[in-house]
Structure formats: C-alpha cells, structure tokens
Amino acid sequence: MIRVGVNGYGTIGKRVADAVRAQPDMEVCGVAKRSPNYVAVGATEAGYPVYAADDDRAHEFAAAGIDLAGSVDKLVAESDVVVDATPSGVGAENRPLYEHHDTPALFQGGEDATVAEVSFNARVNYDEAEDADYVRVVSCNTTGLSRFLAPLYENYGIEKARVTLVRRGGDPDQTGRGPINDAVPDPISIPSHHGPDVQTIFPKLDIDTIGLKVPTTMMHLHTVNVTLENEPDDVTEIRDRLRSEDRILTIPDYAGIDGAGTLKDFALDAGRPRGDIWENCVWEESITLRGRDLYCMQAIHQESDVVPENVDAIRALSGHLTGPESRSLTNETLGIGFSRLDGRESRTLDRQTAD
Ligand SMILES: NC(=O)C1=CN([C@@H]2O[C@H](COP(=O)(O)OP(=O)(O)OC[C@H]3O[C@@H](n4cnc5c(N)ncnc54)[C@H](O)[C@@H]3O)[C@@H](O)[C@H]2O)C=CC1
Ligand SMILES: O=C(OP(=O)(O)O)[C@H](O)COP(=O)(O)O
C-alpha cells in the first residue's frame, strides 16, 4: 500500500484524498489543515486523521472539538508520497519540508514549473515521472488541453494550435472572487500562461493561448483551433478518435447538453461525487474540419479534472504500474467513463439517434 499524505485540504486536496482512498493500492494516512472550519470537520467525519499545517493554530482545533493526529511534519514523515494541494506558491515553500524527510511529493498546477523535475499528464508523459521525486500535476486547463491535443499530435501532427480560454471567475466556495458583472481579459497580455504551460507537456508544440474570465463558478470553456500537419479523411474520423479517449466525454447533440449548467446537472443526475466531471467535455457538433484546420469547443471542470491525474502521478512516482495500467485502474475505481453519452457504456442516457 502506498501511504499518501495530503497537505492542503481545499478544493483539490479533498477530492484527491477521496480518490486516493478509492484505490486498492493506496491509503490516506492523513490530511493537513490550517484551520478547523467546515472542511476540517468534513475530513474528520470522513475518517481522515487531521494534522495541523500550522503549529501556532493547533489549539484552535481542540477548541472546535477536532482531535489532531499531530503536526504536518509528522504527516510528511509517515507518508510514502505527499500530495501538496496548497494555494499557488505555497507548494514551493513546502518543498524543503519534503526534502528534509526524503518524501517524494506532487505539486499542483498553480506552482511554477520549476518546483518539480517533471510536469505531468498521465496521457502524455507518465513514464517521465517514474524516475522523479518531485512532480507537478499541471493545471486544470493545461490538463484539459493536453488530453485534447494528444491524439491529434500523435495521429496527424500539429502545425499550430490556437486556443481561447473562457475561464470561470472562481470556484463555488470562493465567495470573494469576481468578476461579478463583467468579462475581463485575464491576462491581458498574449499568450496567456496556458500556452507555455502546455509546452511543459509538449515541448515542441507551437501553441498560442488567450485567456479571459467571466462571472461563473461552473467550468472553464475552451474554443480550440488546431492546424494539423496531415489532413484527416473526414470529421467523423476525428470525432471517433476523441470518443475513444478514456478521459474525454464527447457530447452528442441529442443529449441536449447546451452548456456548463446542463453538464453539471447531468453529472449530479449521474451520481458523480460533488457533481465532479473528471473528463474533458467535447461538444461533438462543434468538431469542424476545414482542410487541415480543426475547430472545437470543450468544457473543463476545474475542480476535478486533475484528480485522476494526481492518482496516476502517485503511481508513476512509486513505479509499480505502467501508465496504461494505472490509468485503467484509476478510471475503474473512480467511475470515469461510467456515464458516457455515446451509447457504449451509458447507464443514464441511452443513445436515441444513430450517427
Ligand atoms: N481550484 C481549481 O480550479 C484548481 C486548482 N489547481 C491548483 O491546485 C492548488 C490548490 O488549489 P485549490 O485546491 O483550488 O486551493 P484551495 O484554496 O481551495 O485549497 C488550498 C488549501 O490549502 C490550505 N493551506 C494554505 N496554506 C497552507 C499551508 N501552508 N499548509 C497547508 N495547507 C495550507 C488552505 O487553507 C486551503 O484549505 C493550486 O496550485 C491551484 O492552482 C489546479 C487545478 C484546478
Ligand atoms: O489552474 C487553474 O486555472 P488556470 O489554468 O487558468 O491557471 C485553476 O482553475 C485555478 O485557477 P485560478 O488561479 O483562477 O484559481
């Protein structure tokens, strides 16, 4: 069993902890929290030993009736791997703690790429993490772009990718985030950080990205234009390739899923925990081919698409399964592909129309 400690138990950390617990070869040895808020109460109710991220605030947990298992130092010492899911920049500050205990660690996409030896996407470069001690799981947007671009890159070559990212303003629990009534270029400069970040996964890829933020908490939405090096036979070929990807959910037009709101409703109806959607959501109707130019729109659930990637990265670091074996086990245990809409495995919606 791989003993996993989670340092930073927020949006990403709590989801990764639950996903780790669902694995037959992993256990959660504890989670580190700074404050005894409702999320900390949830962690104790879920049965996770809670450690104090901040020794100075340990007394606050006692006052709230939460028994601490120790300090984060002890958690790191007892873990085979630590998943650091602290806010952007804090992970880099924590790295000396992991080095001190000789404990391998995963960092998240908000960290600079220099925080780790490898930037990771399970579909593209699982093997590169096998010899590493420190791995960065790239951000939600970079994960979504890497999954989408991988089959195109492998099968046709990519001359140039251009992506506009319509980014959700904040997560549902980020009450202080905006914009409230605006659409904000973010960043105003071009390219946004996403293009260079995708190049940490595909070093030779020519990609430009533009980012903006809008007043929603639900999902990010990407409009993608990829100029392929070699022309596919037809658009059906592309659609079938995307359908065959394990972490891409292709949305047929009959489903009536017309945006992030209906996607989230579908996920909740399908019984997904927290309404999570671990897969890229690609609208089949949007897949359009003009010669070598491919156009498409996809939605990315920012709170959850990196979760299976973290699970696979833990295995990659530990080195006991291959990439395909790990992905398959993660998919099976989490239920990824459980409610596909293309008629192959759907238990929630039967395909009503033929191609
Ligand atoms: N929320 C999102 O949409 C996504 C976030 N990420 C990345 O994941 C990382 C974490 O982000 P979120 O989970 O959204 O943040 P969050 O703010 O929801 O959770 C971070 C947690 O870490 C705690 N924390 C703060 N300082 C700490 C410390 N020194 N030691 C231990 N815990 C500490 C916070 O109290 C909070 O509970 C960031 O790098 C972010 O860029 C990646 C993909 C998507
Ligand atoms: O890593 C993310 O997005 P990003 O790839 O747009 O930086 C997460 O959605 C967190 O983004 P945030 O920095 O807007 O909270």
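A Cβ is built for glycine as well, from the same backbone N, Cα and C atoms used for every other residue.
Taken from TrEMBL, the feature active site, nucleophile covers Cys140. Reduced to three states, the DSSP call for Cys140 (active site, nucleophile) is helix. Sequence-distant contacts of Cys140 (active site, nucleophile), defined as residues of its own chain at least six apart whose C-beta falls under 8 angstroms from its C-beta, comprise Gly109, His220, Ile300, His301, Gln302, Glu303, Asp305, Val306.
The Cβ of Gly110 (NAD(+) binding site) lies under 8 Å from the Cβ of Pro87, Ser88, Gly89, Gly91, Ser139, each on the same chain and at least six residues away in sequence. Annotated NAD(+) binding site per TrEMBL: Thr11, Ile12, Gly110, Arg168, Gln302, in sequence order.
Taken from TrEMBL, the feature D-glyceraldehyde 3-phosphate binding site applies to Ser139, Cys140, Asn141, His194, Gly195. For Ser139 (D-glyceraldehyde 3-phosphate binding site), the Cβ neighbour count at a 10 Å cut-off comes to 24, with all displayed protein chains included.
Residues or ranges marked as domain 'Glyceraldehyde 3-phosphate dehydrogenase NAD(P) binding' by TrEMBL: 2-140.
For the pair Ile12 (NAD(+) binding site) and Gly195 (D-glyceraldehyde 3-phosphate binding site), the C-alpha distance works out to 22 angstrom. Taking the centroid of the Cβ atoms of Ser139, Cys140, Asn141, His194, Gly195 as the D-glyceraldehyde 3-phosphate site, the other same-chain residues with Cβ within 8 Å of it are Gly109, Val138, Thr142, Thr143, Gly144, Leu145, Leu165, Ser192, His193, Asp197, Val198, Thr209. Sitting within 8 Å of the Cβ centre of Thr11, Ile12, Gly110, Arg168, Gln302, and not among those site residues for NAD(+), are the Cβ atoms of Ser139, Cys140, Asp171, Glu303, Val306. Neighbour list (Gly195 (D-glyceraldehyde 3-phosphate binding site), Cβ cut-off 8 Å, at least 6 residues apart, same chain): Val163, Ile207, Asp208, Thr209.
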